[in-house]
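*Asks:* Reproduced below are the annotations present in TrEMBL:
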type	residues	note
ACT_SITE	Lys214	active site, schiff-base intermediate with substrate
ACT_SITE	Lys266	active site, schiff-base intermediate with substrate
BINDING	Arg224, Arg235	5-aminolevulinate 1 binding site
BINDING	Ser292, Tyr331	5-aminolevulinate 2 binding site
Amino acid sequence: SSSLSLISAPSRRYRLISTLHLHSSYNHPLLRQWQSQRCLLEKSQFIFPLFITEEKDVLHPISALPDNYHIGVNRLVEYLKPLVAKGLRSVLLFGVPAEHTCKDGKGTSADDASGPVIQAVQVLRKSFPQLYVICDVCLCAYTSHGHCGIMNHEMRLDNDASVERLTQVALSYAQAGCHMVAPSDMMDGRIGSMKQALLAQKRDDVALMSYAAKFASVFYGPFRSACSTSLKGNRKDYQLPPASEGLAKQALIRDSNEGADVIMVKPGMPYLDIVRLAREVVSQPISVYQVSGEYAMIYHAAANGGLDLQQAVLESMICMRRAGADMIITYFTPKLLDWLDHLPSE
């Protein structure tokens, strides 16, 4: 303490000046932009999830996901036309069976040629040739038990039977004309199976986006309501434990090695450390899914005056980009198409 008391005022100032100073690196709007080059937002980075219903003439608001809709194929073009004009480049399709649809243990209706997904793919490819169409591949919306695969008589997951069925669904979507299939089921080995099947059918033009690090998360709640999934039990036996970085790393590397063209992390904001991990351990582009619960938190916080919606959404996007995301799946895509045209200058 006595030595500290002997330090003169000029010496203290000198010591302060000699430490790392950062303000000069970002005290001008252009400097701040230069410091953020790796996190710039472009319209092409955003993928818009769509819920396609069997009721062909429906355009109905989803109460659990405000400003999002159940869309019938006959309303799809009118709904998307203004968004495509604003710069929408990619959509991710989820089928929503009608209440009267017969669900069974194998998800038979998942790849019905007259079902919502295949019908939507054909409409979109014809109406919007430049729009990149991705099909989610899963059985949960079509099974009587609500699980993502096939269960045995003991209600335990039959991984091999599930992979076989999911591969059939992926091939059906590919033959219908989608650009990319995106299996979200989390079965072991499904990426390799689908890749081999696509190549065998001469569909090497169809890309494969793996939900590689998909966690058993509470943040999926509004989505499950939107998809009318009637889950019995939970999915903790095949979706990753939220606390396990090691399993996530293994899944990322496995799906990369099995032939995935894009690797996904889901959910987004609570798992940005896994996004960074993915960036480090695989060479494929990384996508992040800002899931329904994340959307709902931001939306309702803004609706109740807790934060500014535009600033909150943009910050969340920038943070995902900073962590390593190349593309982002988000229900805020329509708003982002507007905001990115009119970002305020500093």
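In case you wondered, yes, glycine gets a Cβ from its N, Cα and C as well.
Could you give the neighbours, burial and distances for every feature on this list?
*Replies:* Counting only residues at least six positions away in the same chain, the Cβ atoms of Ser184, Met186, Gln239, Leu240, Met264, Val265, Lys266 sit under 8 Å from the Cβ of Lys214 (active site, schiff-base intermediate with substrate). When secondary structure is read from DSSP and collapsed to three states, Lys214 (active site, schiff-base intermediate with substrate) falls in the strand class.
Reduced to three states, the DSSP call for Lys266 (active site, schiff-base intermediate with substrate) is strand.
All protein chains considered, the CB of Arg224 (5-aminolevulinate 1 binding site) has 16 other CB atoms within 10 Å.
Following the DSSP three-state reduction, the secondary structure of Tyr331 (5-aminolevulinate 2 binding site) is coil.
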*Asks:* Can you grab the distance from Arg224 (5-aminolevulinate 1 binding site) over to Tyr331 (5-aminolevulinate 2 binding site)? Cα atoms, rounded to a whole Å.
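*Replies:* The separation of the Cα atoms works out to 14 Å.
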*Asks:* Using other CB atoms within 10 angstroms as the count, which residue among the binding-site residues Arg235, Ser292 scores least?
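*Replies:* Counting other Cβ atoms within 10 Å of each of the binding-site residues Arg235, Ser292 gives the minimum at Arg235.
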